[in-house]
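S.K.: Okay, here's the structure, questions in a sec.
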Amino acid sequence: MSFFLTTPTAIDLGVNIDHVATLRNARGTAYPDPVRAALAAEDAGADAITLHLREDRRHIVDADVRALRPRVKTRMNLECAVTPEMLDIACEIRPHDACLVPEKRSELTTEGGLDVVGHFDAVRAACKQLADAGVRVSLFIDPDEAQIRAAHETGAPVIELHTGRYADAHDAAEQQREFERIATGVDAGIALGLKVNAGHGLHYTNVQAIAALPGIAELNIGHAIVAHAVFVGWDNAVREMKAIMVAARVAALHGGR
């Protein structure tokens, strides 16, 4: 358990290891090993390990999930689509958390949040199936009031707000608008009694404002850490991200939001 979990400045870092697997799969080798990366990330201060088992297995594969589960020392957060196959795998593996995400085979990366409003019955059934298996459920959604309310009504105890539009904003004004949507979404989730996480597209120079939001419990970050590790090493990349997040939270608590 992280030291930061016991302090008022608590904000967790979930390190996503998907793109360690992307690098491995680019040449069809056995290295780099995502499990080794996960364990090293934990040693460097990660509070959770996130991995996305996509239907097309483009990066993480079933063997990675099965190998990691008994070895993870923090929490395993398995991202998966709302499909019978993926739900069955999640119930069998029983990660600490399962984050339900939308998925399209044609996308380069996840393009938006899960449409809980439009697929309410299926999502609610998935939440029950996972909860019955002892898995805590998170829903990856856009910072939209209707989606947040619907997520709460499914019985999911956790939401992860999609920060991709904030991260991909073309100018400062657009980024500020998206930031305000996220901040409002955090407040809405907390008001409903939900644990609120966030992630997607966050990196070393845009994470500060999001980490400063006092209601966010956890940020899930992967690609930026893998990329930075090319230059500074894996341990340093993880430690730097965690330090940036905590510093932003401390500054916000001392200076106000």
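Using the three backbone atoms N, Cα and C, a Cβ is placed for every residue, glycine included.
Pasting the feature list from Swiss-Prot:
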- His52: active site, proton acceptor (ACT_SITE)
- Glu79: active site, proton acceptor (ACT_SITE)
- His200: active site, proton donor (ACT_SITE)
- Asn16, Arg27, Gly201, Gly222, His223: 3-amino-2-oxopropyl phosphate binding site (BINDING)
- Asp18, His19, Arg54, His59, Thr109: 1-deoxy-D-xylulose 5-phosphate binding site (BINDING)
- Glu160: site 'Transition state stabilizer' (SITE)
S.K.: Which whole number of Å gives the largest C-alpha distance between any two of Asn16, Arg27, Gly201, Gly222, His223, the residues noted as binding 3-amino-2-oxopropyl phosphate?
M.R.: 25
S.K.: Across all the protein chains here, work out how many other Cβ atoms are within 10 Å of the Cβ of Asp18 (1-deoxy-D-xylulose 5-phosphate binding site).
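M.R.: Summing over all protein chains shown, Asp18 (1-deoxy-D-xylulose 5-phosphate binding site) has 21 other Cβ atoms within 10 Å.
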S.K.: Cα distance, Asp18 (1-deoxy-D-xylulose 5-phosphate binding site) to Gly201 (3-amino-2-oxopropyl phosphate binding site), nearest Å?
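M.R.: Pair distance, Cα basis, whole Å: 13 Å.
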S.K.: Where's the emptiest Cβ shell within 10 Å among the recorded positions Glu79, Glu160?
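M.R.: With the recorded positions Glu79, Glu160, fewest surrounding Cβ atoms within 10 Å: Glu79.
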S.K.: Given Gly222 (3-amino-2-oxopropyl phosphate binding site) and Asp18 (1-deoxy-D-xylulose 5-phosphate binding site), what distance in Å do their CA atoms have, once rounded to a whole number?
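M.R.: Their Cα atoms are separated by 7 Å.
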S.K.: Given the recorded positions Asn16, Arg27, His52, Glu160, His200, which lie close to His59 (1-deoxy-D-xylulose 5-phosphate binding site), meaning Cα to Cα within 10 A?
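M.R.: Close recorded positions: His52.
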S.K.: Find the one among the recorded positions Arg27, His52, Glu160, His223 whose C-alpha lies closest to that of His19 (1-deoxy-D-xylulose 5-phosphate binding site).
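M.R.: Result: the closest of the recorded positions to His19 (1-deoxy-D-xylulose 5-phosphate binding site) is His223.
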S.K.: Roughly how many angstrom lie between the C-alpha atoms of Glu79 (active site, proton acceptor) and His52 (active site, proton acceptor)?
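M.R.: So the Cα of His52 (active site, proton acceptor) lies 4 Å away from that of Glu79 (active site, proton acceptor).
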